Amino acid sequence: MTHWPSPAKLNLFLYITGQRADGYHTLQTLFQFLDYGDTLHIEPRHDGEIHLLTPVTGVENEDNLIVRAARLLMKAASESGRLPVGSGADISIEKRLPMGGGLGGGSSNAATVLVALNHLWQCGLSIDELATLGLTLGADVPVFVRGHAAFAEGVGEILTPVNPPEKWYLVAHPGVSIPTPVIFKDPQLPRNTPKRSIDTLLKCEFSNDCEVIARKRFREVDAALSWLLEYAPSRLTGTGACVFAEFDTESCARQVLEQAPEWLNAFVAKGVNLSPLHRELL
């Protein structure tokens, strides 16, 4: 049995710069990983079978991103003659990241499967090939596959590696799940934030264009941010529902965590520019 990190991410800023004819929104965002997340347990099989041993309530196994990623890699490696005969896997997951939280849990799970099985099966696909496969599963998957903090443009698929400060974060989940379309379909969502260079953006105060909509539509998000903002700079990650506050030290973050209201599920984690998944491969 092998064990693989599937880390969370934060969007340190997120700006919506437009909307394409196909409905997708163009954006500029800054991804950084956390040293906190799910763990995937993978046992290679030799009969060509893919088994997910920890199904998710309400999601058919074949629709789960974990299984879809495994089958996608199997198909791509097979078609290019790089899949050893009988390659398969038993996969289970220790879930710590909430669904609909804006921490990238599902995308991270898919990326971990692609990277781990490529290694375990010895398929030999490059990171570029894995990232291209990952993009077909979701716009956030490639950053997890590549494993380095990044400035993202387009619909999130154009990535430039960056090294923002590795701060400590108090991340809080207010107890609601926010489907991404709820935010992106809101008519009041800002959709024309001017595009700026990464150098300019890194010098500006960070914010998230989705935050005003999440706070308006979900009072729990508004309450969580109102509480966090009493202690430190705080904002929404992704389209929510998680919010985070940034601190220079772990002790400062933990002092605030001790004061968290009972209705708020929160944890402290360090921002890291190299994914814990990729540290495993070094």
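Cβ atoms are placed via backbone N, Cα and C, with glycine included.
Just so it is clear, the model here is predicted, and its values are computed rather than measured.
As recorded in Swiss-Prot, the features of this protein are as follows:
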- K9: active site (ACT_SITE)
- P98, M99, G100, G101, G102, L103, G104, G105, G106, S107, S108: ATP binding site (BINDING)
- D140: active site (ACT_SITE)
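What Swiss-Prot annotates, mapped onto the structure for a quick look.
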| residue | record | contacts (Cβ under 8 Å, 6+ apart) |
| --- | --- | --- |
| K9 | active site | F31, Q32, F33, L34, L103, G104, S108, D140, V143, F144, T237 |
| P98 | ATP binding site | G105, H173, S177, A241, C242, N265 |
| G100 | ATP binding site | V176, S177, I178, P179, G240, A241 |
| G102 | ATP binding site | N11, I178, L236, T237, G238, T239, G240, A241, C242 |
| G106 | ATP binding site | L65, M99, G138 |
Using DSSP and three states only, what is K9 (active site)?
strand
Within 10 Å of each Cβ, count the other Cβ atoms, then let me know which of the recorded positions G104, S108, D140 comes out lowest.
D140
Which chain neighbours of the ATP site, leaving out P98, M99, G100, G101, G102, L103, G104, G105, G106, S107, S108, have a Cβ atom within 8 Å of the mean position of the site's Cβ atoms?
A8, L97, G238
